[in-house]
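J.: Structure incoming, see below.
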Amino acid sequence: MEKKLPRIKALLTPGEVAKRSGVAVSALHFYESKGLITSIRNSGNQRRYKRDVLRYVAIIKIAQRIGIPLATIGEAFGVLPEGHTLSAKEWKQLSSQWREELDRRIHTLVALRDELDGCIGCGCLSRSDCPLRNPGDRLGEEGTGARLLEDEQN
């Protein structure tokens, strides 16, 4: 006897998307308010999502995890046709746009880690070796904050 596969629903409720994607329903509404995802309304005016929203939510979660702002995610999604299901090739192109920003952040974090034990050019002059690294607070003339680290970021 042949087993029938369960029918896959074309449209999902917000609760189903939330459960499957691991985000709160309120997050889905927020993403929608920012134009990152779209829903349709049924006859009872309830939101329904196409299944491809699961991929978009997964991309949003990954991008947020690596520190990509929602505005940047929105810009990347903005070039795609509405309701378009993202292919693996398109995901690769999309993620490559964020690679440079991610590399910059990694470089900054490595520099911060490596400088934690040394002077960061903050102008405090409280460490015994600050007069050697920052005599007379010369870095203060360049601006405020941790000048040695901030200069590396720019």
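Backbone N, Cα and C atoms are what each Cβ position is placed from, and that goes for glycine too.
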J.: Which is it, of 14-33, 114-133, that Swiss-Prot names as DNA-binding region?
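T.: The range carrying the DNA-binding region annotation in Swiss-Prot is 14-33.
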J.: Could you give the number of helix, strand and coil residues in the domain 'HTH merR-type' (11-79) as assigned by DSSP?
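T.: Helix/strand/coil tally for the domain 'HTH merR-type' (11-79): 39 helix, 8 strand, 22 coil.
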